[in-house]
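Here is what Swiss-Prot records for this protein:
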| type | residues | note |
| --- | --- | --- |
| ACT_SITE | Glu57 | active site, proton acceptor |
| ACT_SITE | Lys145 | active site, schiff-base intermediate with substrate |
| BINDING | Arg61, Thr85, Lys145 | pyruvate binding site |
| SITE | Thr173 | site 'Plays a major role in determining the stereoselectivity' |
Amino acid sequence: MTTLERPQPKLSMADKAARIDAICEKARILPVITIAREEDILPLADALAAGGIRTLEVTLRSQHGLKAIQVLREQRPELCVGAGTVLDRSMFAAVEAAGAQFVVTPGITEDILEAGVDSEIPLLPGISTPSEIMMGYALGYRRFKLFPAEISGGVAAIKAFGGPFGDIRFCPTGGVNPANVRNYMALPNVMCVGTGWMLDSSWIKNGDWARIEACSAEAIALLDAN
C-alpha cells in the first residue's frame, strides 16, 4: 500500500510520541508481564497496582495475553494496559481490538512500523542499532524501546545515541535491574524502563501477591530516591 492509498490516522506521529511520553513518564517502570494462567490476571495486576505500578505491558508470549488485555481493560479501567511482543500486523490488529492502549515490539520490520503509522494506538518499536533507529525515524518515529538493553550496550549505548539522534527517547528493556535502573533513569533521553524483577515466576505460581506488591513498592521507592 502506498502512502497515498494508506488511510491517514487522526493522530500524527508527533501526537503519538507525545502520548508515549505521557504513558512512560507517568509509569517510569513498565513491568513486562507474561500470563501463564488465566486466573493470575487480576490478582497479579492488583498486586502491581497496590505497589504503585499501574502501567502494564502484557506480552503475547502466552495463549492468555490477548485475554489478559481484554480483562484488564474491562475490569481494571484505572490501569494503563499495553501489549508487548507484537511481531506482525495481524498481532497488532488483534491487540488493537482487545483494547490495548499502546503497543511494544521486540524489533522492527517495515510492516510493523507501517502498522504503527496507520494505527491510532501509539507504537514503541524495539531497536538495537543506529540503522534500525533510522528506519523508524524515516517514518516519523521518535520513541523507541532499546532491546535487549544491556547486551546492546546499555547506558553507554543510549548516551552515544544521543549524539546523532538528539530528539530520540528510549525505554531500555532487557537486563534492567535494581542495581542499574537508576543509572538508566538518570539519562535525559530515557523516559522509562521495561523490566520484570518484581515478576518472579515462583511468586506468581505460588500466588505470593504480597511479595510482588512489596517488590513493586521497593522499585518505585528506588526511583523516587533518584
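Note: Cβ is positioned from N, Cα and C throughout, glycine not excepted.
Taking the mean position of the Cβ atoms of Arg61, Thr85, Lys145 as the pyruvate site, the remaining residues of that chain whose Cβ falls within 8 Å of it are Val32, Glu57, Thr59, Leu60, Gly84, Val86, Val104, Thr105, Pro106, Gly126. Whole-number maximum of the Cα to Cα distances across the pyruvate-binding residues Arg61, Thr85, Lys145: 17 angstrom. Taking the Cα atom of each, Arg61 (pyruvate binding site) and the residue listed as 'active site, schiff-base intermediate with substrate' are about 17 angstrom apart. Separation of the C-alpha atoms of Lys145 (active site, schiff-base intermediate with substrate) and Glu57 (active site, proton acceptor): 12 Å, rounded to the nearest whole number. Within its own chain, Thr85 (pyruvate binding site) has Thr59, Leu60, Arg61, Gly65, Val104, Thr105, Pro106 as residues 6 or more apart in sequence whose C-beta sits under 8 angstroms from its own. For Lys145 (active site, schiff-base intermediate with substrate), the Cβ neighbour count at a 10 Å cut-off comes to 29, with all displayed protein chains included. Thr173 (site 'Plays a major role in determining the stereoselectivity') sits 12 Å from the residue listed as 'active site, proton acceptor', taking the C-alpha atoms as the reference points.
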